[in-house]
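Per Swiss-Prot, the features are:
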| type | residues | note |
| --- | --- | --- |
| BINDING | SER67, LYS68, HIS140, THR141, TYR258 | substrate binding site |
| COMPBIAS | 364-378 | compositional bias 'Basic and acidic residues' |
| REGION | 359-378 | region 'Disordered' |
| SIGNAL | 1-28 | signal peptide |
Amino acid sequence: MQTPKLIRPTLLSMAILSSMAWATGASAALVPPKGYDAPIEKIKTGDHSFSCEAIPKPYTDKLVFRSKYEGSDKARATLNAVSEEAFRDATKDITTLERGVSKVVMQYMRDGRPEQLDCALNMMTTWAKADALESREFNHTGKSMRKWALGSMSSAYLRLKFSESHPLANRQQDAKIIEAWFSKLADQVVSDWSNLPLDKINNHSYWAAWSVMATAVATNRQDLFDWAVKEYKVAANQVDKDGFLPNEMKRRQRALSYHNYALPPLAMIASFAQANGVDLRPENNGALKRLGDRVLAGVKDPSIFAEHNGEKQDMTDLKKDPKFAWLEPYCSLYTCSPDVLEEKHEKQPFKTFRLGGDLTKVYDPSHEKGDKGDNDGS
């Protein structure tokens with residue numbers, strides 16, 4: 001049957017409008033959640049005690065490190081003190097850089113001193129120019145360090161790139177060098193963590209996806225954004241109907257800790273996706289909410305996890321407030337209950353270098369408490 005002539009222009013118009021809308025959507029620049037546009041708090045010009053610490057030596061060697069769980073069985077739940085010390089020693093320069101960038105960016109966003117901006121950018125450009133962390137020789141612990149470092153730096157850098165104070169306006173050459181380096185590292189992280197069998201996909205993959213999401217926005221790369229979203233969906237579909245992650249339940253006495261550790265990258269990815277018009281909350285029937293609720297219930301009553309895997313839970317890590325930094329993006333995605341909000345406010349501010357610094361300043365600035373908090377995150 002022929003389409004009536006009167007309808008043809010309408011269909012054509014719809015097609016044109018549809019293609020225009022698609023083109024507009026495809027070209028829209030990626031952005032972080034709203035709080036990342038915050039200006040410098042108060043520009044200070046008087047005497048100060050700030051001094052830029054020595055930049056750690058760029059790590060250009062192969063990324064092969066001992067695991068802190070060396071000698072443990074498949075559960076990877078028993079720490080080896082000797083190998084942990086060796087790991088900390090071998091990766092010291094990397095973690096010093098991560099912590100340093102995060103700390104100095106926070107200081108700059110508070111005080112606005114040019115010396116602070118110089119310090120943060122010099123740390124990153126020094127490592128970028130040395131092609132640090134790019135080695136193709138790595139083991140599992142090594143590729144883990146690469147994605148952690150990338151996530152730490154790129155998420156701190158977002159505070160500079162998107163601030164309405166425009167601190168990078170006159171530092172475009174530095175920005176170009178840093179973003180090109182982040183981009184290369186992200187490509188390698190994608191390669192490192194792609195196509196793993198489902199039984200090998202756990203919190204490490206989620207943290208890799210977070211580092212790629214932060215870099216996607218820092219470098220405006222849609223392909224990286226799409227990969228992070230894809231990995232999030234894999235993670236969400238690992239959450240069972242009761243809110244447990246089977247691969248993290250294998251961690252025996254540390255199962256609850258690792259469920260909690262899985263939440264920061266997933267909540268951040270969902271928050272960043274939402275800022276760019278992608279709502280990941282419905283994935284696998286609200287998997288992120290289910291996981292968050294299960295962890296919060298487990299923290300109140302660890303026997304929930306003990307009954308599920310037969311192991312009394314080690315609560316050591318869960319006594320550290322920064323371990324709950326995921327509550328900031330989580331409570332921006334969902335309406336948290338009054339008791340959860342009360343707990344969140346008691347623990348604030350949440351400063352964790354692996355998520356780029358002070359998340360309370362980004363997500364809940366009215367509850368910021370100045371210098372409280374230690375920027376934990378390991």
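Glycine is no exception: its Cβ is also placed from the backbone N, Cα and C atoms.
Taking a C-beta cut-off of under 8 Å and a sequence gap of six or more, TYR258 (substrate binding site) has these contacts in its own chain: ASN202, ASN203, LEU245, GLU248, ARG251. Residues SER67, LYS68, HIS140, THR141, TYR258 are the ones the record ties to substrate, and the longest Cα gap between any two of them is 17 Å. DSSP assigns THR141 (substrate binding site) to a helical segment in the three-state reduction. Taking each Cβ in turn and tallying the other Cβ atoms within 10 Å, the top scorer among the binding-site residues LYS68, HIS140 is LYS68. With a 10 A radius on its CB, SER67 (substrate binding site) counts 18 other CB atoms from all the protein chains.
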